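Q: Here's a structure for you.
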Amino acid sequence: GTIHLFRKSQRSLVGKLTHEFRLVAADRRSWKILLFGAINLICIGFLLMWCSSTNSIALTAYTYLTIFDLFSLVTCLISYWVMMKKPSPVYSFGFERFEVLAVFASTVLAQLGALFILKESAERFLEQPEIHTGRLLVGTFVALFFNLFTMLSIRNKPFAYVSEAASTSWLQEHVADLSRSICGIIPGLSSIFLPRMNPFVLIDIAGALALCITYMLIEINNYFAVDTASAIAIALMTFGTMYPMSVYSGKVLLQTTPPHVIGQLDKLLREVSTLDGVLEVRNEHFWTLGFGTLAGSVHVRIRRDANEQMVLAHVTNRLYTLVSTLTVQIFKDDWIRPTLSSVPIANNILNLSDHHVIPMPSLKAADNLHPVTSTPAKPSSPPPEFSFNTPGKNMSPVILLNTQTRSYGLGFNHGSTPYSTVLNQGFGIPGMGATQGSRTGFTNVPSRYGTNAHGQPRP
């Protein structure tokens, strides 16, 4: 093959981002988002200048919502990029978690901006500056119009899903209570107020209402402290709206199981355990891969005679209704092989009546015993300082075939003596003759009680 002397350098991070941006910009659906992003940057520039000229921190807090709209547009672009990308060996589950990360980062940054507003407001309570209302109302309506137009014109799939799946904020709950009271008086408004309101539209309207009240109070009574109070109210509403979304997206990043599908998963696993051939379902793990995408893995133990492909098809068919990305590992039941330490030896392998285990005496004990009296004897010479590889020192028990009908002691020659020989000696026990027996060391034992070894009566 061709030998390349100089290896091509890898693309830098900026080059990779430029390549991916060109990939997204090639789609015509992205042009609308890019146009709104350019208009958003222009509006943010004007609003920041008006915030500086009016010296209003409430307008600054409301401008942060416009900056959050820019983050939402970037998230929408990432969502389009995820749909274009295919799974790779590095990202085997795809790139759906990137849009989850984008939502989490956007909501966390919005909460950090709210905390910054709270900190600045606390400082302004000590020394309240003068507020100029010349462009306060104009900036309010420009920001409100652009925010609502952006939210209603562009369908942001990630934020739309999170706003519906996450828990309601305290602002939504209070507005829902107020809506029930209004619908009790005017039932015709139930189709508008009773459904769950969009949290982003709600916070835009509530923030604009707070700025309008601030403008009126400053114009009428020169009450400048109301600007700081409105800034705190907008910051609290922003924090309360973004916090549930941050919690939900954070749980998705932590690969937790959604609470609303735990009951359905338990029901499906019970159905799988009752399938034909399935013995056990274990090591199951299910997590949220992306918004609306559930992944999971499970181990299924089946019978030895079961069809693996058939069981795999049935298990996948049951779980695929809820888990879109599923990994199923099928393994057959295997009997545990017996081990020598835990299972006794069968009779047909080793018959104890025909074999005997003769334990070998230790070398140390054999050296210290007298061969006749079996009493400890003093060594004739001192033992050597070093003795290695001594024959017979570390010997295991030996299994020998027994050709006799009885066992005898060690170190002696024994044989079977006929009964006639034994009876002639006066001892009616088999195996005891002229030779030494296994129970006594005497050769001739008298058959009559009360006599000594020579046959004379005991005195």
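Placed from the backbone N, Cα and C atoms, the Cβ positions cover glycine too.
Residues or ranges marked as transmembrane segment by TrEMBL: 31-50, 62-83, 95-116, 136-154, 200-218, 224-243. Per TrEMBL, the feature domain 'Cation efflux protein transmembrane' maps to 34-254. Here TrEMBL flags 372-391, 434-459 as region 'Disordered'. According to TrEMBL, the compositional bias 'Polar residues' annotation covers 435-459.
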Q: So if I exclude everything within five residues of the ends of the transmembrane segment (224-243), which remaining residues of that chain have a CB under 8 angstroms from its CBs? That is, six or more out.
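A: Tertiary neighbours of the transmembrane segment (224-243) are 56-58, 60-62, 64-65, 107-108, 110-111, 113-115, 117-118, 120-121, 124-125, 128-131, 169-172, 199-200, 202-203, 206-207, 210-211, 213-214, 217-218.
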Q: Below 8 angstroms Cβ to Cβ, which residues of this chain, lying six or more residues outside the transmembrane segment (62-83), approach it?
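A: Answer is 20, 23-24, 27, 29-30, 33-34, 36-37, 40-41, 43-44, 47-48, 51, 94-96, 98-99, 102-103, 105-106, 109-110, 113-114, 117, 139-140, 143, 146-147, 150-151, 154, 156-159, 203-204, 207-208, 211, 234, 238.
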Q: Go through the chain and flag residues at least 6 beyond the ends of the transmembrane segment (136-154) whose CB is under 8 A from any CB in it; none is fine as an answer.
A: 32-33, 36, 39-40, 43, 46-47, 50-51, 54, 56, 59, 62-63, 65-66, 69, 72-73, 76, 198, 200-201, 204-205, 207-208, 211-212, 214-215, 218
